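To start, the structure under review is shown below, and the notes come after it.
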Amino acid sequence: RPACAMDWQVLTRELSLYLESQVRVGLFGSGVGLSLVLGFGVAYACYYLSSIAKKPRLVASNDRFCRFLEEYCPVVTETYYPTIWCWEGRVQTLLRPFITSRPQVQYRNELIKTADGGQISLDWFDNNDSLYYPDATTRPTVLLLPGLTGTSQESYILHMIHQSETLGYRCVVFNNRGIAGEELLTPRTYCAANTEDLEAVIHHVHSLHPSAPFMAAGVSMGGMLLLNYLGKTGRDTPLMAAAVFSAGWNVFESVESLEKPLNWLLFNYYLTTCLQSSISRHRQMLEKLFDMDLVMKARTVREFDKQFTSVMFGYRTIDDYYEDASPCRKLKSVGIPVLCLNSVDDVFSPGHAIPVETAKQNANVALVLTSCGGHIGFLEGIWPRKCTYMDRVFKQFVQAMFEHGNKIFSM
């Protein structure tokens, strides 16, 4: 038996070696397999370079604003090369939270009171070790607004702070009510249309550092809120400029896109559960005004907004709320320089709903539209762990405005 077992092992090993040699000879030794692999690689590279890697479309009616961006924020005119193995919008959207690194940031938390008795949590990155701006009174300040259920711990926020740190700037993150671990003191949360809390935060930050140059950057719903604030205030704001990333311009189009079967499965249902989770810990406070059992049965963002958000902020119908929350309606009134980055394959903000013609009617607005990038994706490089295209746009634009903003209307 031992001899038979040994013979069987030898036979098996020789057969394996023979098959491996035949595969090598049959595929690559003959050149057929190698040709197929090379042919596919060349075809994919040609498709990628011709249809995927493209320069963004820069939309701006103001020639001086365009020249300013070309000189001081050149990334908006350079070809964007999405990660070659995950350039599709949904894939970029899904992967970014998991694949990008999370820079370490030490925050100083501050709770401020609101006029209605509520409270807002601000997370400060003071950057007291800034070499470029050692004087805290004049250190440039960037206010950051996360997305719908986001906080100061989101990877894209941490990367923005990391970019700002290298430039010597101070950052403060505006966490919406009840999101960052603080308690709700009143039965009120937040929405994209109501700018009262943002106005209070901007006034508070400016009052603390009145001599410091002041900008804001908003992501997704944070960008919508920022645009709605700018459309409301016009030039009457202490902000000198703003940057907006992956904003949903038309809420009707956004929810319709998210309700398509695949998008509902990948994004809508999960986002709805995140919204429900964000308010469930405040149930005792909120059930004074809402049928929380009904709210927790929502299976789409639209259903959640119909039962909760629109009711909380006094809208007669959900359509009234969505109309008021859509930044495209207020874009004409923006009175300071604003750079807005969107990808046309963003299912949260469909390309056909981006207000290109409206943007052309306001000299203060510039749109940067990429063909790929998804929603807060914009991954680039073979292994996109660190800096994304969005991060580079943020860094260059903020630096351009803080250091050369006075030239924007003199070029």
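Glycine is no exception: its Cβ is also placed from the backbone N, Cα and C atoms.
Straight from TrEMBL, the features:
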TRANSMEM  25-49  transmembrane segment
DOMAIN    140-381  domain 'AB hydrolase-1'
ACT_SITE  SER220  active site, charge relay system
ACT_SITE  ASP346  active site, charge relay system
ACT_SITE  HIS375  active site, charge relay system
The rounded CA-CA distance in Å from SER220 (active site, charge relay system) to HIS375 (active site, charge relay system) is 8
Rounded to the nearest Å, what's the C-alpha distance separating ASP346 (active site, charge relay system) and HIS375 (active site, charge relay system)? Just drop the number here, would you? 5
Neighbour count (Cβ, 10 Å) for ASP346 (active site, charge relay system): 28
